[in-house]
(Lines of atoms letter the chains of each structure in order from A and count residues from 1; the text may use other names and numbers.)
(Lines give C-alpha, C1' and ligand atoms only; values in the text may rest on other atoms or scores of the structure.)
Protein backbone atom coordinates (compact mmCIF):
# COMPACT_ATOMS: atom_id res chain seq x y z
CA UNK A 1 0.00 0.00 0.00
CA UNK A 2 1.11 3.56 -0.53
CA UNK A 3 0.20 4.77 2.94
CA UNK A 4 1.41 2.89 5.99
CA UNK A 5 -0.63 2.88 9.17
CA UNK A 6 1.79 3.30 11.99
CA UNK A 7 1.29 3.67 15.70
CA UNK A 8 3.66 6.02 17.51
CA UNK A 9 5.11 4.16 20.47
CA UNK A 10 6.38 5.72 23.64
CA UNK A 11 8.39 2.64 24.62
CA UNK A 12 11.95 1.81 23.71
CA UNK A 13 12.51 0.48 20.19
CA UNK A 14 12.17 -3.20 19.44
CA UNK A 15 12.86 -5.13 16.25
CA UNK A 16 10.58 -4.19 13.39
CA UNK A 17 8.07 -6.91 12.51
CA UNK A 18 8.33 -7.51 8.81
CA UNK A 19 6.22 -9.89 6.78
CA UNK A 20 8.10 -12.87 5.41
CA UNK A 21 9.65 -12.29 2.01
CA UNK A 22 9.24 -8.52 2.14
CA UNK A 23 12.35 -6.63 1.04
CA UNK A 24 13.89 -4.38 3.69
CA UNK A 25 14.71 -0.86 2.51
CA UNK A 26 17.05 0.93 4.89
CA UNK A 27 19.51 3.78 4.86
CA UNK A 28 23.07 2.54 4.40
CA UNK A 29 25.53 2.45 7.30
CA UNK A 30 28.15 4.55 5.52
CA UNK A 31 29.42 6.83 8.34
CA UNK A 32 32.64 5.58 9.95
CA UNK A 33 34.88 7.15 12.59
CA UNK A 34 36.64 9.60 10.23
CA UNK A 35 33.34 10.69 8.67
CA UNK A 36 31.82 10.96 12.16
CA UNK A 37 34.63 13.25 13.34
CA UNK A 38 34.25 15.25 10.10
CA UNK A 39 30.50 15.61 10.60
CA UNK A 40 30.94 16.98 14.14
CA UNK A 41 34.00 19.16 13.51
CA UNK A 42 32.89 20.16 10.01
CA UNK A 43 29.51 21.39 11.23
CA UNK A 44 30.91 23.13 14.31
CA UNK A 45 33.59 25.04 12.37
CA UNK A 46 31.42 27.36 10.29
CA UNK A 47 31.45 31.13 10.19
CA UNK A 48 31.31 31.47 14.01
CA UNK A 49 35.02 31.35 14.82
CA UNK A 50 35.68 33.92 12.09
CA UNK A 51 32.97 36.31 13.37
CA UNK A 52 32.06 35.65 17.04
CA UNK A 53 35.34 36.48 18.88
CA UNK A 54 34.74 40.24 18.74
CA UNK A 55 31.26 39.81 20.26
CA UNK A 56 32.48 37.56 23.08
CA UNK A 57 35.20 40.14 23.83
CA UNK A 58 32.63 42.97 23.56
CA UNK A 59 30.39 41.41 26.22
CA UNK A 60 33.16 40.18 28.54
CA UNK A 61 35.34 43.31 28.32
CA UNK A 62 38.79 41.70 28.61
CA UNK A 63 40.92 39.22 26.61
CA UNK A 64 41.47 36.77 29.48
CA UNK A 65 37.78 36.55 30.43
CA UNK A 66 36.82 36.04 26.76
CA UNK A 67 39.30 33.12 26.54
CA UNK A 68 37.71 31.67 29.70
CA UNK A 69 34.29 31.88 28.01
CA UNK A 70 35.62 30.03 24.95
CA UNK A 71 37.09 27.34 27.21
CA UNK A 72 33.81 27.01 29.15
CA UNK A 73 31.83 26.76 25.89
CA UNK A 74 34.12 23.94 24.74
CA UNK A 75 33.71 22.09 28.06
CA UNK A 76 29.92 22.53 27.95
CA UNK A 77 29.78 21.22 24.36
CA UNK A 78 31.98 18.27 25.39
CA UNK A 79 29.83 17.46 28.43
CA UNK A 80 26.67 17.72 26.33
CA UNK A 81 28.09 15.48 23.59
CA UNK A 82 29.28 12.85 26.11
CA UNK A 83 25.79 12.81 27.66
CA UNK A 84 24.25 12.40 24.21
CA UNK A 85 26.73 9.59 23.47
CA UNK A 86 25.25 7.55 26.33
CA UNK A 87 21.74 8.26 25.04
CA UNK A 88 22.87 7.12 21.59
CA UNK A 89 24.06 3.78 22.97
CA UNK A 90 20.75 3.22 24.82
CA UNK A 91 18.40 4.35 22.03
CA UNK A 92 20.18 3.33 18.81
CA UNK A 93 17.97 5.29 16.47
CA UNK A 94 18.57 8.36 14.35
CA UNK A 95 16.81 11.62 15.14
CA UNK A 96 18.80 13.13 18.02
CA UNK A 97 16.71 15.05 20.57
CA UNK A 98 13.49 14.13 18.77
CA UNK A 99 13.84 10.38 19.16
CA UNK A 100 15.14 10.66 22.75
CA UNK A 101 12.24 12.91 23.81
CA UNK A 102 9.80 10.56 22.04
CA UNK A 103 11.07 7.38 23.71
CA UNK A 104 11.43 8.94 27.19
CA UNK A 105 8.66 11.55 27.51
CA UNK A 106 6.17 10.47 24.87
CA UNK A 107 4.52 11.63 21.68
CA UNK A 108 3.29 15.15 22.51
CA UNK A 109 6.60 16.86 23.54
CA UNK A 110 8.39 14.98 20.72
CA UNK A 111 5.90 16.35 18.20
CA UNK A 112 6.43 19.91 19.49
CA UNK A 113 10.18 19.48 19.04
CA UNK A 114 9.79 18.02 15.53
CA UNK A 115 7.31 20.72 14.52
CA UNK A 116 9.60 23.51 15.75
CA UNK A 117 12.80 21.97 14.40
CA UNK A 118 11.55 20.89 10.96
CA UNK A 119 9.49 24.01 10.19
CA UNK A 120 11.71 26.69 11.73
CA UNK A 121 14.97 25.94 13.54
CA UNK A 122 16.82 23.69 11.08
CA UNK A 123 15.79 25.50 7.86
CA UNK A 124 16.51 28.90 9.47
CA UNK A 125 19.93 27.75 10.66
CA UNK A 126 20.74 26.33 7.22
CA UNK A 127 19.55 29.51 5.50
CA UNK A 128 21.68 31.67 7.83
CA UNK A 129 24.84 29.62 7.21
CA UNK A 130 24.26 29.63 3.43
CA UNK A 131 23.78 33.40 3.48
CA UNK A 132 27.10 33.71 5.35
CA UNK A 133 28.71 31.58 2.66
CA UNK A 134 27.17 33.75 -0.06
CA UNK A 135 28.41 36.99 1.56
CA UNK A 136 32.03 35.78 1.51
CA UNK A 137 31.74 34.05 -1.89
CA UNK A 138 30.53 37.16 -3.76
CA UNK A 139 32.55 39.76 -1.79
CA UNK A 140 35.64 39.56 -4.11
CA UNK A 141 33.44 40.55 -7.06
CA UNK A 142 32.33 43.78 -5.34
CA UNK A 143 35.52 45.30 -3.88
CA UNK A 144 35.07 48.43 -1.83
CA UNK A 145 31.28 48.20 -1.55
CA UNK A 146 28.61 45.95 -0.07
CA UNK A 147 27.32 43.12 -2.25
CA UNK A 148 23.79 43.47 -3.74
CA UNK A 149 21.26 41.49 -1.67
CA UNK A 150 19.77 39.92 -4.80
CA UNK A 151 23.16 38.43 -5.73
CA UNK A 152 23.78 37.23 -2.16
CA UNK A 153 20.36 35.56 -1.93
CA UNK A 154 20.69 33.93 -5.36
CA UNK A 155 24.13 32.55 -4.40
CA UNK A 156 22.75 31.23 -1.09
CA UNK A 157 19.84 29.59 -2.92
CA UNK A 158 22.27 28.01 -5.40
CA UNK A 159 24.29 26.68 -2.44
CA UNK A 160 21.18 25.02 -0.98
CA UNK A 161 20.24 23.48 -4.35
CA UNK A 162 23.76 22.07 -4.82
CA UNK A 163 23.68 20.60 -1.30
CA UNK A 164 20.27 19.08 -2.03
CA UNK A 165 21.54 17.33 -5.17
CA UNK A 166 24.67 16.04 -3.41
CA UNK A 167 22.81 14.69 -0.37
CA UNK A 168 19.99 13.14 -2.42
CA UNK A 169 22.39 11.34 -4.76
CA UNK A 170 24.65 9.49 -2.36
CA UNK A 171 25.43 9.38 1.37
CA UNK A 172 29.05 8.47 0.63
CA UNK A 173 29.40 11.47 -1.70
CA UNK A 174 28.00 13.80 1.00
CA UNK A 175 30.35 12.39 3.67
CA UNK A 176 33.33 12.58 1.28
CA UNK A 177 32.62 16.27 0.67
CA UNK A 178 32.35 16.75 4.44
CA UNK A 179 35.76 15.11 4.92
CA UNK A 180 37.39 17.26 2.21
CA UNK A 181 35.94 20.55 3.45
CA UNK A 182 36.73 19.70 7.08
CA UNK A 183 40.37 19.10 6.13
CA UNK A 184 40.40 22.44 4.22
CA UNK A 185 38.96 24.46 7.11
CA UNK A 186 41.29 22.79 9.65
CA UNK A 187 44.19 23.79 7.39
CA UNK A 188 42.90 27.39 7.30
CA UNK A 189 42.65 27.49 11.11
CA UNK A 190 46.16 26.04 11.39
CA UNK A 191 47.46 28.90 9.19
CA UNK A 192 45.93 31.40 11.66
CA UNK A 193 47.31 29.45 14.64
CA UNK A 194 50.85 29.27 13.21
CA UNK A 195 50.70 32.97 12.28
CA UNK A 196 49.72 33.79 15.87
CA UNK A 197 52.53 31.67 17.34
CA UNK A 198 55.05 33.48 15.10
CA UNK A 199 53.72 36.86 16.30
CA UNK A 200 53.97 35.74 19.95
CA UNK A 201 57.52 34.52 19.36
CA UNK A 202 58.35 38.02 18.02
CA UNK A 203 57.09 39.50 21.30
CA UNK A 204 53.65 40.82 20.32
CA UNK A 205 52.06 40.13 23.70
CA UNK A 206 50.64 43.56 24.54
CA UNK A 207 47.04 42.28 24.50
CA UNK A 208 47.85 39.83 27.30
CA UNK A 209 49.23 42.42 29.73
CA UNK A 210 46.66 43.19 32.48
CA UNK A 211 44.47 40.69 30.61
CA UNK A 212 41.59 40.76 33.14
CA UNK A 213 41.26 44.55 33.18
CA UNK A 214 37.69 45.83 32.44
CA UNK A 215 36.15 42.38 32.88
CA UNK A 216 32.33 42.41 33.06
CA UNK A 217 30.82 40.21 35.77
CA UNK A 218 27.11 40.77 35.03
CA UNK A 219 25.04 37.57 34.88
CA UNK A 220 23.18 38.80 31.81
CA UNK A 221 26.29 39.78 29.82
CA UNK A 222 28.00 36.47 30.67
CA UNK A 223 24.91 34.65 29.37
CA UNK A 224 24.93 36.63 26.11
CA UNK A 225 28.68 35.99 25.72
CA UNK A 226 27.98 32.27 26.18
CA UNK A 227 25.34 32.46 23.43
CA UNK A 228 27.89 34.00 21.05
CA UNK A 229 30.52 31.40 21.89
CA UNK A 230 28.12 28.46 21.82
CA UNK A 231 26.92 29.50 18.36
CA UNK A 232 30.46 28.64 17.17
CA UNK A 233 30.22 25.23 18.89
CA UNK A 234 26.77 24.44 17.52
CA UNK A 235 26.83 21.02 15.85
CA UNK A 236 28.31 19.05 18.76
CA UNK A 237 25.18 16.84 18.77
CA UNK A 238 24.91 16.26 15.00
CA UNK A 239 26.20 12.67 15.00
CA UNK A 240 23.18 11.61 17.13
CA UNK A 241 20.91 12.56 14.23
CA UNK A 242 22.41 9.83 12.02
CA UNK A 243 22.94 7.00 14.56
CA UNK A 244 21.36 4.37 12.25
CA UNK A 245 23.85 5.27 9.51
CA UNK A 246 26.91 4.80 11.77
CA UNK A 247 29.17 1.80 11.50
CA UNK A 248 29.24 0.27 15.02
CA UNK A 249 27.45 3.23 16.67
CA UNK A 250 28.21 2.02 20.21
CA UNK A 251 31.94 2.52 19.47
CA UNK A 252 31.96 5.22 16.78
CA UNK A 253 29.69 7.70 18.58
CA UNK A 254 31.70 8.16 21.82
CA UNK A 255 35.07 8.01 20.02
CA UNK A 256 34.10 10.61 17.41
CA UNK A 257 32.90 12.96 20.16
CA UNK A 258 36.09 12.50 22.20
CA UNK A 259 38.25 13.31 19.16
CA UNK A 260 36.29 16.10 17.44
CA UNK A 261 35.24 18.42 20.27
CA UNK A 262 38.60 18.71 22.13
CA UNK A 263 40.24 19.25 18.72
CA UNK A 264 37.84 22.08 17.85
CA UNK A 265 38.09 23.62 21.34
CA UNK A 266 41.91 23.73 21.24
CA UNK A 267 41.85 25.23 17.74
CA UNK A 268 39.31 27.87 18.79
CA UNK A 269 41.43 28.91 21.79
CA UNK A 270 44.63 29.10 19.71
CA UNK A 271 42.84 31.07 16.96
CA UNK A 272 41.58 33.57 19.56
CA UNK A 273 45.11 33.93 20.95
CA UNK A 274 46.32 34.54 17.38
CA UNK A 275 43.70 37.26 16.85
CA UNK A 276 44.76 38.96 20.07
CA UNK A 277 48.44 38.69 19.14
CA UNK A 278 47.81 40.44 15.80
CA UNK A 279 45.37 43.07 17.12
CA UNK A 280 44.82 45.07 20.27
CA UNK A 281 41.42 44.51 21.96
CA UNK A 282 40.17 47.87 20.61
CA UNK A 283 41.21 46.93 17.05
CA UNK A 284 39.50 43.56 17.41
CA UNK A 285 36.29 45.20 18.64
CA UNK A 286 36.22 47.64 15.72
CA UNK A 287 36.71 44.89 13.15
CA UNK A 288 33.66 43.90 11.11
CA UNK A 289 35.17 40.49 10.28
CA UNK A 290 37.97 39.47 12.63
CA UNK A 291 39.56 36.86 10.38
CA UNK A 292 39.69 39.21 7.39
CA UNK A 293 41.32 41.95 9.51
CA UNK A 294 43.83 39.37 10.80
CA UNK A 295 44.59 38.36 7.20
CA UNK A 296 45.18 41.98 6.17
CA UNK A 297 47.61 42.50 9.07
CA UNK A 298 49.52 39.21 8.90
CA UNK A 299 49.25 37.78 5.37
CA UNK A 300 49.37 41.03 3.38
CA UNK A 301 48.81 40.28 -0.32
CA UNK A 302 47.74 36.72 0.57
CA UNK A 303 44.83 37.96 2.69
CA UNK A 304 42.36 36.70 0.06
CA UNK A 305 43.11 33.19 1.34
CA UNK A 306 41.18 33.99 4.52
CA UNK A 307 38.04 35.06 2.62
CA UNK A 308 38.29 31.87 0.55
CA UNK A 309 38.76 29.81 3.73
CA UNK A 310 35.67 31.33 5.37
CA UNK A 311 33.61 30.60 2.23
CA UNK A 312 34.84 26.97 2.19
CA UNK A 313 34.25 26.68 5.92
CA UNK A 314 30.66 27.90 5.77
CA UNK A 315 29.89 25.67 2.75
CA UNK A 316 31.21 22.62 4.61
CA UNK A 317 29.26 23.59 7.73
CA UNK A 318 26.04 24.03 5.73
CA UNK A 319 26.57 20.56 4.21
CA UNK A 320 26.82 19.03 7.69
CA UNK A 321 23.74 20.97 8.87
CA UNK A 322 21.77 19.84 5.81
CA UNK A 323 22.94 16.21 6.15
CA UNK A 324 21.76 15.92 9.76
CA UNK A 325 18.77 18.29 9.55
CA UNK A 326 17.03 16.23 6.87
CA UNK A 327 17.22 13.18 9.16
CA UNK A 328 15.06 14.86 11.84
CA UNK A 329 12.30 15.37 9.28
CA UNK A 330 12.72 11.77 8.03
CA UNK A 331 12.60 10.17 11.50
CA UNK A 332 9.64 12.32 12.64
CA UNK A 333 7.70 11.22 9.55
CA UNK A 334 8.60 7.58 10.19
CA UNK A 335 7.08 7.91 13.67
CA UNK A 336 3.85 9.41 12.30
CA UNK A 337 4.51 13.04 13.27
CA UNK A 338 4.99 14.30 9.69
CA UNK A 339 3.42 13.39 6.32
CA UNK A 340 4.14 9.78 5.36
CA UNK A 341 5.98 10.67 2.15
CA UNK A 342 8.78 12.30 4.18
CA UNK A 343 9.63 8.95 5.82
CA UNK A 344 10.51 7.27 2.52
CA UNK A 345 13.88 6.71 0.84
CA UNK A 346 14.97 6.62 -2.78
CA UNK A 347 14.84 3.03 -4.04
CA UNK A 348 18.29 3.18 -5.71
CA UNK A 349 20.25 5.91 -3.90
CA UNK A 350 18.98 4.84 -0.43
CA UNK A 351 18.85 8.46 0.78
CA UNK A 352 15.89 10.16 2.54
CA UNK A 353 15.35 12.38 -0.52
CA UNK A 354 11.76 13.57 0.25
CA UNK A 355 12.84 14.82 3.72
CA UNK A 356 15.91 16.51 2.21
CA UNK A 357 13.80 18.16 -0.50
CA UNK A 358 11.34 19.44 2.13
CA UNK A 359 14.16 20.88 4.27
CA UNK A 360 15.62 22.49 1.15
CA UNK A 361 12.26 24.04 0.20
CA UNK A 362 11.75 25.51 3.70
CA UNK A 363 15.27 26.98 3.67
CA UNK A 364 14.71 28.53 0.24
CA UNK A 365 11.47 30.16 1.46
CA UNK A 366 13.36 31.71 4.39
CA UNK A 367 16.13 33.01 2.11
CA UNK A 368 13.61 34.55 -0.32
CA UNK A 369 11.44 36.15 2.38
CA UNK A 370 14.39 37.33 4.47
CA UNK A 371 12.14 37.69 7.53
CA UNK A 372 13.82 35.05 9.67
CA UNK A 373 16.69 37.05 11.19
CA UNK A 374 14.93 37.90 14.45
CA UNK A 375 13.96 34.25 14.94
CA UNK A 376 17.49 32.99 14.19
CA UNK A 377 18.78 35.36 16.90
CA UNK A 378 16.83 33.28 19.41
CA UNK A 379 18.08 29.97 18.03
CA UNK A 380 20.17 29.36 21.18
CA UNK A 381 17.15 29.96 23.42
CA UNK A 382 15.09 27.32 21.59
CA UNK A 383 18.00 24.90 21.23
CA UNK A 384 18.95 24.93 24.92
CA UNK A 385 15.30 24.57 25.93
CA UNK A 386 15.20 21.20 24.14
CA UNK A 387 18.78 20.29 25.12
CA UNK A 388 17.73 20.69 28.75
CA UNK A 389 14.68 18.47 28.24
CA UNK A 390 16.82 15.79 26.57
CA UNK A 391 19.47 15.84 29.31
CA UNK A 392 16.77 15.58 31.99
CA UNK A 393 15.59 12.46 30.12
CA UNK A 394 19.08 10.97 30.41
CA UNK A 395 19.10 11.66 34.16
CA UNK A 396 15.73 9.90 34.43
CA UNK A 397 17.14 6.83 32.62
CA UNK A 398 20.27 6.81 34.80
CA UNK A 399 18.21 6.90 38.00
CA UNK A 400 15.06 4.93 37.12
CA UNK A 401 16.19 2.64 34.26
CA UNK A 402 19.61 1.44 35.34
CA UNK A 403 18.91 -2.03 33.97
CA UNK A 404 18.85 -0.81 30.35
CA UNK A 405 21.89 -2.13 28.41
CA UNK A 406 24.41 0.53 27.42
CA UNK A 407 27.97 0.17 26.12
CA UNK A 408 29.03 3.60 27.39
CA UNK A 409 28.23 5.42 30.64
CA UNK A 410 28.92 9.04 31.47
CA UNK A 411 29.40 10.07 35.15
CA UNK A 412 26.10 11.50 36.44
CA UNK A 413 27.73 14.80 37.45
CA UNK A 414 28.31 15.64 33.76
CA UNK A 415 24.63 15.67 32.65
CA UNK A 416 23.77 17.50 35.91
CA UNK A 417 26.22 20.28 34.95
CA UNK A 418 24.79 20.44 31.41
CA UNK A 419 21.22 20.62 32.76
CA UNK A 420 22.16 23.47 35.13
CA UNK A 421 23.82 25.31 32.23
CA UNK A 422 20.75 24.78 30.03
CA UNK A 423 18.43 26.19 32.72
CA UNK A 424 20.75 29.19 33.12
CA UNK A 425 20.98 29.83 29.35
CA UNK A 426 17.18 29.65 28.97
CA UNK A 427 16.31 31.81 31.98
CA UNK A 428 19.19 34.36 31.98
CA UNK A 429 18.04 36.40 28.95
CA UNK A 430 14.40 36.30 30.14
CA UNK A 431 15.27 37.57 33.63
CA UNK A 432 18.02 40.03 32.67
CA UNK A 433 16.63 41.48 29.42
CA UNK A 434 13.08 40.26 28.74
CA UNK A 435 12.12 40.73 25.09
CA UNK A 436 8.82 40.24 23.31
CA UNK A 437 10.48 38.05 20.65
CA UNK A 438 11.05 35.30 23.24
CA UNK A 439 7.28 35.24 23.85
CA UNK A 440 6.74 34.86 20.09
CA UNK A 441 9.14 31.91 20.03
CA UNK A 442 7.32 30.18 22.91
CA UNK A 443 3.94 30.83 21.26
CA UNK A 444 5.25 29.31 18.01
CA UNK A 445 6.38 26.15 19.85
CA UNK A 446 2.97 25.69 21.50
CA UNK A 447 1.08 26.49 18.30
CA UNK A 448 1.93 22.89 17.44
CA UNK A 449 -0.91 21.89 19.80
CA UNK A 450 -3.39 22.99 17.12
CA UNK A 451 -1.99 20.36 14.75
CA UNK A 452 -1.09 17.61 17.22
CA UNK A 453 -4.50 16.58 18.51
CA UNK A 454 -6.49 16.41 15.25
CA UNK A 455 -3.69 15.13 12.99
CA UNK A 456 -1.51 12.93 15.24
CA UNK A 457 -3.63 11.97 18.25
CA UNK A 458 -6.99 11.45 16.48
CA UNK A 459 -5.47 10.76 13.03
CA UNK A 460 -7.87 12.97 11.04
CA UNK A 461 -6.17 12.68 7.63
CA UNK A 462 -7.87 14.06 4.50
CA UNK A 463 -8.57 11.29 1.98
CA UNK A 464 -6.87 13.10 -0.90
CA UNK A 465 -3.51 12.73 0.91
CA UNK A 466 -3.40 9.03 -0.05
CA UNK A 467 -3.61 9.90 -3.76
CA UNK A 468 -1.04 12.71 -3.37
CA UNK A 469 1.33 10.32 -1.59
CA UNK A 470 0.93 7.74 -4.38
CA UNK A 471 1.80 10.24 -7.11
CA UNK A 472 4.74 11.64 -5.13
CA UNK A 473 6.07 8.10 -4.57
CA UNK A 474 5.99 7.40 -8.30
CA UNK A 475 7.47 10.78 -9.23
CA UNK A 476 10.29 10.71 -6.64
CA UNK A 477 10.91 6.93 -6.94
CA UNK A 478 10.75 6.40 -3.17
CA UNK A 479 9.45 3.62 -0.93
CA UNK A 480 8.79 3.07 2.80
CA UNK A 481 11.79 2.15 4.95
CA UNK A 482 12.21 -0.08 7.96
CA UNK A 483 13.87 0.82 11.24
CA UNK A 484 17.32 -0.64 11.66
CA UNK A 485 16.97 -2.87 14.72
CA UNK A 486 20.33 -2.65 16.47
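For all residues, glycine too, the Cβ spot is worked out from N, Cα and C.
Because TrEMBL annotations are produced automatically, they should be read as predictions rather than curated entries.
Residues or ranges marked as transmembrane segment in TrEMBL: 31-52 (among others).
Residues or ranges marked as transmembrane segment in TrEMBL: 64-85 (among others).
The transmembrane segment feature in TrEMBL is assigned to 97-118 (among others). Nonlocal intrachain contacts for the transmembrane segment (97-118), taken as residues 6+ away from its ends with a CB within less than 8 angstroms of a stretch CB, comprise 8, 10-13, 87, 91, 237, 240, 328-329, 331-332, 335, 337-338, 358-359, 362, 382, 386-387, 389-390, 393-394, 396-397, 444-446, 448-449, 451-452, 456-457.
What TrEMBL records for 154-174 (among others) is transmembrane segment.
Per TrEMBL, the feature transmembrane segment maps to 180-201 (among others).
Residues or ranges marked as transmembrane segment by TrEMBL: 256-278 (among others). Beyond the transmembrane segment (256-278), the same-chain residues lying 6 or more positions past its ends with a Cβ under 8 Å from any Cβ of the stretch are 33, 36-37, 39-41, 44-45, 49, 53, 63, 66-67, 70-71, 73-75, 77-78, 81-82, 84-85, 186, 189-190, 192-193, 195-197, 199-200, 204-205, 207-208, 232-233, 236, 239, 284, 290-291, 294, 297-298.
Annotated transmembrane segment per TrEMBL: 298-317 (among others), in sequence order.
According to TrEMBL, the feature transmembrane segment maps to 354-372 (among others).
Under the heading transmembrane segment, TrEMBL lists 378-397 (among others). Same-chain residues lying 6 or more positions outside the transmembrane segment (378-397) and placing a CB less than 8 Å from one of its CB atoms are 80, 83-84, 86-87, 90, 97, 100-101, 104-105, 109, 113, 116-117, 121, 124-125, 227, 230-231, 234, 237, 404, 412, 415-416, 418-419, 421-423, 425-426, 429, 437-438, 441, 445.
Residues annotated as transmembrane segment in TrEMBL: 409-431 (among others). Counting only same-chain residues 6+ beyond the ends of the transmembrane segment (409-431), those with a CB under 8 A from a CB of the stretch are 76, 79-80, 82-83, 85-86, 219-220, 222-224, 226-227, 230, 380-381, 384-385, 387-388, 391-392, 394-395, 398, 438.
Taken from TrEMBL, the feature transmembrane segment covers 437-456 (among others).
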Quiz item: Looking at the transmembrane segment (298-317) and the transmembrane segment (31-52), are there 3+ C-beta pairs under 8 A, with each pair at least 6 apart in sequence?
Solution: yes
Exercise. Six or more residues out from either end of the transmembrane segment (31-52), which same-chain residues have a Cβ under 8 Å from its Cβ atoms?
Key: 77, 81, 129, 132-133, 136, 171, 175, 178-179, 181-182, 185-186, 189, 228-229, 231-236, 238-239, 242, 245-247, 252-253, 255-257, 259-261, 263-264, 267-268, 271, 289-292, 306, 310, 313-314, 316-321, 323-324
Quiz item: Which bits of the chain, at least 6 residues beyond where the transmembrane segment (180-201) starts or stops, bring a Cβ under 8 A of a Cβ in it?
Solution: 37-38, 41-42, 45, 49, 267, 270-271, 273-275, 277-278, 291, 294, 298-299, 305-306, 309-310, 312-313, 315-316, 319
